[in-house]
Amino acid sequence: MQNAAAVVPPSSVHHYHHHHLLSLFRCSETIEEAKKLHCLSLKTGTFDHPPVSSRLLSLYTARPINDLIYARSVFDRIQSPSLPLWNMMIKCYVENHRSHEAICLFSHLLSEFSPDNFTLPCVLKGCSRLCAVEEGKQIHGVSVKLGLTLDKFVQSSLASLYSKCGMLDCARKVFDKMGERDLVTWNSLIDGYARSGHVEIAMKLFDEIPDRDSYSWTALLHGFSKSGKVEAARDVFDKMPTKNLVSWNAMINGYMRSGDFGSACDLFNIMPERNLITWNTVIAGYEVNGRVEEALSMFVRMLEEEDDLKPNNATYTSLISAVAASAILSTAKWVHSYMVKNGIGSDGVMGTLLIEMYSKCGSIESALTTFRSIHRKKLGHWNSVIVGLGMHGMADEASELFKQMQESGIKPNAVTFVGLLNACSHVGYVDEARFYFDLMVKEYKVEHKIEHYGCLVDALCRTGNLQDAKTIIQKMPMRPNKVIWMSLLRGARNYVDIEMGEYAAHQLIDLAPESHVPLSNMYAAAGKWEKVSEVRETMKKKGIKKEAGWSLIERKGVIHRFFVGDRSHPQIEEIYAKLKEMREKLKAVGHIADTRQVLLRIEDEKEKEVELELHSERLAIAYALTNNSNSPIRVLKNLTVCNDCHSVTKLLSRIYQREIIVRDNSRFHHFRAGYCSCNDFW
């Protein structure tokens with residue numbers, strides 16, 4: 001007897017599989033199940049049945065699966081997809097954060113169908129995410145032509161788009177024409193006004209809203225926080241019926257932005273739960289406000305307390321910036337090591353940040369090693385290492401790297417030339433600085449900005465070409481800033497050109513009150529004590545205080561900070577004994593103190609020499625020499641190195657056969673075997 005199935009017509013078999021598959025689709029919830037059904041539909045030839053392919057596409061695009069790749073593969077095999085299927089794909093692209101492709105797909109759809117009130121809200125959401133306001137306006141026009149502007153979902157999407165893109169007048173027009181406004185639309189408008197700084201209007205809308213949810217409260221809180229109205233933000237925070245994690249983070253961010261670290265920490269310590277955004281907010285808040293030690297300690301605390309949280313790019317960005325500001329190389333190496341262990345590569349932005357970090361921490365070798373380890377070097381990587389080399393006075397190496405950059409086909413930009421000009425400035429390469437200054441315009445059509453003029457002027461001032469510097473300043477197409485005038489004032493002080501110094505100081509009076517300090521120093525170096533008294537009296541009247549000079553040095557993870565004449569260190573007796581030894585060795589090699597660098601009116605030459613011996617960097621170096629080690633001595637200063645300390649440090653590097661690296665407030669000095677990387681131009 002023949003098998004019963006064999007006599008069933010093929011069309012009936014397909015019909016059986018077709019209905020069987022549809023019933024299975026209703027039970028499927030995972031990507032694995034969807035793939036099996038997809039495979040079965042191809043094997044049985046039922047895929048081409050519109051109900052099957054449509055249900056399969058719906059399965060791939062809907063949650064919890066929402067798999068864009070498989071959804072697109074199904075969509076592309078459907079010969080004439082219906083409008084609902086186009087809508088599914090557009091929505092899937094938007095939900096997978098591929099809004100650009102969603103808009104492109106929408107443009108293709110227009111040649112096949114007229115979009116409906118399901119299509120437009122979805123593609124408008126994609127425009128909103130990209131802040132593609134021009135495309136959004138065009139879609140608004142399409143909605144007008146199709147008569148869909150009165151649809152509440154279209155209206156809500158348009159209001160949301162305009163609000164998020166900062167076009168609040170357009171958002172308000174749409175909002176005012178709406179017959180029925182849902183909570184999402186109210187929140188969009190409140191959020192738009194709050195983010196744009198119009199917190200009073202946001203508050204007025206908040207008071208008018210028929211109903212509120214946590215988003216309504218948080219949007220208003222964000223607005224007050226961002227606008228610096230922390231007390232108003234706290235009032236909103238305290239009144240919130242339910243405080244979600246977003247609101248806690250917003251309030252902490254507000255306190256951090258305003259510099260109220262105590263209140264931020266009080267909230268941080270009592271909040272019921274924290275996420276990575278919470279920790280990033282606090283770490284970034286400390287870093288941006290220059291409290292780098294707190295930023296670093298907060299990162300360590302996060303690692304200790306949060307087993308489930310892993311730092312992300314935002315965490316590393318703040319962390320690396322904090323380490324760079326601290327200039328502590330051991331911390332820099334620890335952070336880099338941690339990143340490597342956790343699979344964070346050096347490509348992209350992280351590579352740029354690491355190069356900058358090592359450069360600012362005094363290890364240009366580590367910066368170069370990081371640079372060389374990057375396989376696909378981009379412009380940012382080249383710029384970072386060239387700028388780093390310039391900071392360290394390595395102009396020849398920067399020029400060589402620039403040649404390699406040209407050969408690799410990377411086109412330089414304005415930042416590249418700032419790095420090259422800065423490198424030339426720091427070693428007194430005036431001719432080379434002029435060459436790069438001309439090259440950037442003639443060869444690469446990069447316009448001169450004020451930073452490029454500043455570097456060229458600085459190079460001229462460091463080498464004593466003060467009149468040339470003045471001429472360039474007077475011919476600049478833009479108004480000189482305080483950095484340029486400060487360069488001229490420092491150059492006038494170094495080359496004892498009182499007239500030029502007074503000219504620069506006169507230009508600086510309104511731009512930089514702190515310019516009184518170098519002016520006073522210039523008069524002191526020239527022995528014009530009456531002028532010194534006049535300037536200091538002016539400073540006193542204006543409430544201008546001279547920043548106290550300090551130097552710090554790190555040993556075994558501990559920071560040691562020294563001030564002029566400091567006697568507070570636990571090893572002070574050993575340090576002063578080493579200072580005496582240094583004095584004797586310096587005298588033996590013929591060093592004569594440059595007592596012009598004493599900025600106090602002291603008549604006795606011996607007293608002047610003692611004053612110089614107690615400068616903060618010498619105390620730091622003496623401490624380092626007391627605690628024997630063969631590693632380079634790394635000193636961080638907050639002020640510029642004086643002439644006598646510069647000469648002394650060169651001699652000490654030869655006497656003790658130690659490399660001494662000093663970072664002052666503008667650059668690095670590498671002292672080796674009696675020489676400095678700056679060629680004595682600083």
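Here the Cβ of each residue, glycine as well, is placed from N, Cα and C on the backbone.
Residues 152, 155-156, 159-160, 162-164, 166, 168, 171-172, 175, 219-220, 222-224, 226-227, 229, 232 of the same chain lie 6 or more positions beyond the ends of the repeat 'PPR' (182-212) yet place their CB under 8 Å from a CB of it. Taken from TrEMBL, the feature repeat 'PPR' applies to 182-212 (among others).
Counting only same-chain residues 6+ beyond the ends of the repeat 'PPR' (213-247), those with a CB under 8 A from a CB of the stretch are 183, 186-187, 190-191, 193-195, 197-199, 202-203, 206, 253-255, 257-258, 260, 271, 273-275, 278. According to TrEMBL, the feature repeat 'PPR' maps to 213-247 (among others).
Positions annotated as repeat 'PPR' by TrEMBL: 275-305 (among others). Within the model, the repeat 'PPR' (275-305) shows a mean pLDDT value of 94, rounded to a whole number.
Proximity of distant same-chain residues to the repeat 'PPR' (378-412), defined by a Cβ-Cβ separation under 8 Å and at least 6 residues beyond the stretch ends, is recorded for 348-349, 351-352, 355-356, 358-360, 364, 367-368, 371, 418-427, 429, 432, 440, 444, 446, 667-670, 676-679. Under the heading repeat 'PPR', TrEMBL lists 378-412 (among others).
For 590-682, the entry in TrEMBL reads domain 'DYW'.
Residues 245, 248-249, 252-253, 255-257, 259, 261, 264-265, 268, 311-312, 314-315, 318-319, 321-323, 325-326, 331, 559 of the same chain lie 6 or more positions beyond the ends of the repeat 'PPR' (275-305) yet place their CB under 8 Å from a CB of it.
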